[in-house]
Amino acid sequence: MSILSPRQQQELNRAIVQYIGKIISDNSENLEHGEKNGVLQHQDLVDKVANLLDVPTSSEDLTTNYLEKKWSTVLRLQRKIMDLTDEVSNLKTIIEAKHANGGSEISKDKINWLPTSVFKTFPTQTHQSVNTVAVHPYLPLIMAGCSDGTLSVWNIANDDPSIPEKSIRAHSRAVNRIRWSNSPVELSVKAGASNKSYIFASCSSDLSIKIWDGNSNSQIRILTGHDHTVSSIAFSPSKPSILYSVSRDKTTKIWDSTNGYCTRTFIGHSDWVRDLDVIAAKQKSLGDFILTCSNDQSVRLSHADSGTGLCLLVGHSHVIESVRFLPMHSNAHIDKYLKENSDRFPSMPPELVSAPIYDDVLGYKYCVSAGRDNIVKLWLMPPAVVRPNAHPLPAATNNSQGWHIADLTGHQSWVKTLQVHPNGRFIFSAGDDKSIRVWDLSTLATGGRVTEVKKLMKHEGFVNDINAAPLSEPKDTTNEDILQDIESRMRCVFVSGGTDNTVRLWS
């Protein structure tokens, strides 16, 4: 018994006859006169099919290409159903987290915007794994670095996402990281006029770092000096032309991108250095602080200008793949938990949580790290010893080691990359279980753990990198209006890339 109504069955039968007739008609136009007899036989076949299905051979009152259009509509509806199913699943997770953690709630304000579903998918032309992704500082452009050394650029506004706006053969081996400068860089001065523009850098397993013009995507210079794979790079937030890099050769290097010189090299790990993050000190004379993570299963905080190690974070049981500073406006979510649960941290001085040195001088306090033990860890870093007119010294408390605050558990395989939401409340993590997960720091104080509030599953392979659109240059703000300022500069663009050879744009 058919599941279709008589009217639906009649439409389907007529669409089948129309489809077969169109194929024969299209083929007949390309045949020579002597081959027409075969076509006539095929036309007889159409008449027989129409007679068998009890429908007329004429389809003048039927929509052109009716069967194909019905088929494509079904596929679109299936994709829409899958997206809506994912969204319902995410909303259920949020509701469950709210009930389990004392009513913590995510508002619909722009400041709390979170990605929910894939808006566009950008396939790589070279069919190569995507190792790194980056969003342009102000244009609607997405950039990806691939395992064959290619850089691909897509325009979000283009109707056809399958064709990149530009594809550059950038390196002879895999591109491991792409990073944009935090603000325009003055590369040259011509006829007394400033020539500032955004630049970006790429690093590779071919041992090189390349600096590129952000307007033309043309290569400016090559930085060489590492003796092994260059794992990651980051521009200085306080000095736009300064670039930091880490490598499998165990070193951290500091470069001046305007002339290509390496200004400092230091070794802080005993094995491959995988990733780094940089933050500017609140007291400008201190310069920058660098977080690095390594195959030696440790995270190291260093003073950039001197290379001095300030503290060590030990607790992972496998290679650490990614590390990120938390912004100072994240502190409120964690401070409350530590003050209410001081008995869980007997080695932590009670006054440390409220110590003004973090906010007034250092500009750092908490960080997160992720690794091949499938865990994201939250840390409190002890404050460095600050001296007048001299570089800081290692922390004097807890033997210069950080305090492990909490584990963010849920990933089923290696966690490869981290991203911090501009509002400082949410942490993004992604990895080899094909998922991107969102964690809410505000649930730590209410429920005693950092809860996963979203899980995004659209990649068909490992997720290697995630990136959110950077904020425009910050203005002078007070603590009272910092979130309002961040909200005004947010672009709500989030991308991911992985071994399924695609970049996904999330909405």
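Think of each number as a place in line: the chain as shown, counted from 1.
Using the three backbone atoms N, Cα and C, a Cβ is placed for every residue, glycine included.
As recorded in Swiss-Prot, the features of this protein are as follows:
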type	residues	note
COILED	72-98	coiled coil
REPEAT	125-164	repeat 'WD 1'
REPEAT	170-222	repeat 'WD 2'
REPEAT	225-265	repeat 'WD 3'
REPEAT	268-312	repeat 'WD 4'
REPEAT	315-389	repeat 'WD 5'
REPEAT	410-449	repeat 'WD 6'
REPEAT	474-507	repeat 'WD 7'
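Proximity of distant same-chain residues to the repeat 'WD 4' (268-312), defined by a Cβ-Cβ separation under 8 Å and at least 6 residues beyond the stretch ends, is recorded for 228-229, 231-239, 242, 244-248, 250-252, 254, 318-325, 359-364, 367, 369, 371, 379, 381-382, 384, 386, 391-395, 400-402. Counted over residue pairs 6 or more apart, the CB atoms of the repeat 'WD 2' (170-222) and the repeat 'WD 5' (315-389) come under 8 Å in fewer than three pairs, which marks the two as apart.
Taken through DSSP, the repeat 'WD 5' (315-389) splits into 22 helix, 19 strand, 34 coil. If you take every residue in the repeat 'WD 4' (268-312) and average the pLDDT, you get 98. Proximity of distant same-chain residues to the repeat 'WD 3' (225-265), defined by a Cβ-Cβ separation under 8 Å and at least 6 residues beyond the stretch ends, is recorded for 176-177, 179-187, 199, 201-205, 207-209, 211, 271-281, 284, 287-288, 290, 292, 294, 302, 304-305, 307.
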